[in-house]
Amino acid sequence: MLLSPLPPSYPVSLAMGQGLAGLICGTAISSQYLATRFNVNTPMLQSFFNYFLLFVTYTTMLLCRAGDGSILQILRRRWWKYLMLGLVDVEANYAVVKAYQYTTLTSIQLLDCFVIPVLMLLSWWVLKTRYRLVHYVAVCICLLGVGTMVGADLMAGRDQGSTSNILLGDCLVLISATLYAVSNVCQEYTVKNLSRVEFLGMVGLFGTIISTIQMIVLEHNKIAAIQWSWQVGLLFSAFALCMYTLYSFMPIVVKLSNATSVNLSMLTSDLFSLFCGIFLFQYNFSALYLISLVVILIGFITFNAVPTPQRDPASSSFSFCEAGFYDNSVTTLNVSNVTVRINAKDEEGGKEQQDGENKEGCEEKEMNAPGCHSVSH
């Protein structure tokens, strides 16, 4: 199979994808500092600040809209769908952070890659994306790079974290990966068929509500026990700003490419965390880290070298929007077709009527002509 030229937007999506990976690295470092240096383990409180920033920015923008794009019309048509999306997104973030308390870092790094096959399956079913053999090969190359990174961790003797309940921790990682895949597919569908502001505004609205409730129920004691200082406040701010920027720019990258490609590019986030950990947490360096980075980037480039054909998702069995939302354009088209047909029939009728009048006039002229009278006699 010949590889087609890379799309013009490819360098932009590649650079932005690595930028998103850097933001994920920022959230990991700030969370690790909070946990190790200040004994703060409040994933819901950290997520709440992110959703609240999204709410203040994008939900406010929706409040300023009028007409079909207003927040009232959006909630009236599909509020329960965005409620489910907000719940999925909040629990995906919570499950992966919670998994660090029960299982090893190696398990999390390996099992977190489960998001890729689930995402490809959902994209095939929901978005009607059709992958080719080269795409599956590229994914395997990326996963090989992740395996190289994990092998380097084991050889370097890096601290593997907790092992209190490995089975529970592994299940939490798999649940988180599946929920992330669902969220990313919904994100791709929404930003490509509706708008980025609507997606982020609704996630901010329902994410704030859900995270607030869950935070009060599960973390009120831990929040009350936090010893606040400017360092703790700075780390919370860093985490919230990294997550807010990640959420704000990821829909742009998804619209330029697709959710699977973006997640492949973000596999390098663990490597960026390792490189930072060498200086911040005295991790041992291994040349396999660089090899892993190169392998993942090769897989990502290979994946994007061949386009993924995609049918119109609006024609699929899944519809994130109300059916009537898309039926208006079809109805208008049908009305226009009917109008054209009626006009065409009127023109044909008028033409036939005019031909009949011309024919009748010709007959009258023939009757009045001299030749006609002689023939009658």
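Cβ atoms are placed via backbone N, Cα and C, with glycine included.
Pulled from TrEMBL, these are the features on record:
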- 12-36: transmembrane segment (TRANSMEM)
- 48-67: transmembrane segment (TRANSMEM)
- 108-127: transmembrane segment (TRANSMEM)
- 134-154: transmembrane segment (TRANSMEM)
- 166-185: transmembrane segment (TRANSMEM)
- 197-218: transmembrane segment (TRANSMEM)
- 230-250: transmembrane segment (TRANSMEM)
- 262-281: transmembrane segment (TRANSMEM)
- 287-306: transmembrane segment (TRANSMEM)
- 344-367: compositional bias 'Basic and acidic residues' (COMPBIAS)
- 344-377: region 'Disordered' (REGION)
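Only sequence-distant pairs (6 or more apart) were considered; of these, at least three Cβ pairs between the transmembrane segment (287-306) and the transmembrane segment (134-154) are under 8 A, so the stretches are in contact. For the transmembrane segment (197-218), the residues of the chain that approach it from at least six positions outside its boundaries are 42, 44-45, 47-48, 50-59, 61-62, 69, 71, 74, 82-83, 85-87, 89-90, 94, 187, 190-191, 247-248, 251, judged by C-beta separation under 8 angstroms. Residues 73-74, 90, 197-198, 200-205, 207-208, 211-212, 215, 236-237, 239-240, 243-244, 247-248 of the same chain, all 6+ positions outside the transmembrane segment (48-67), place their C-beta atoms under 8 angstroms from a C-beta of that stretch.
Contact count against the transmembrane segment (166-185) (Cβ pairs under 8 Å) is highest for 108-127, out of 108-127, 134-154, 230-250, 262-281.
Counting only same-chain residues 6+ beyond the ends of the transmembrane segment (108-127), those with a CB under 8 A from a CB of the stretch are 96, 99-100, 135, 139, 142-143, 146-147, 149-150, 153, 169-170, 173-174, 176-178, 180-182, 184-185, 188-189, 258-260, 263-264, 267, 270, 310, 313, 316, 318. Packing against the transmembrane segment (134-154) from elsewhere in the chain are residues 1, 3, 105-106, 109-110, 113, 116-117, 120, 160, 264, 267, 270-271, 274, 286, 288-289, 291-296, 298-300, 302-303, 305-306, 308: each is 6 or more residues past its ends and has a CB under 8 Å from a CB in it.
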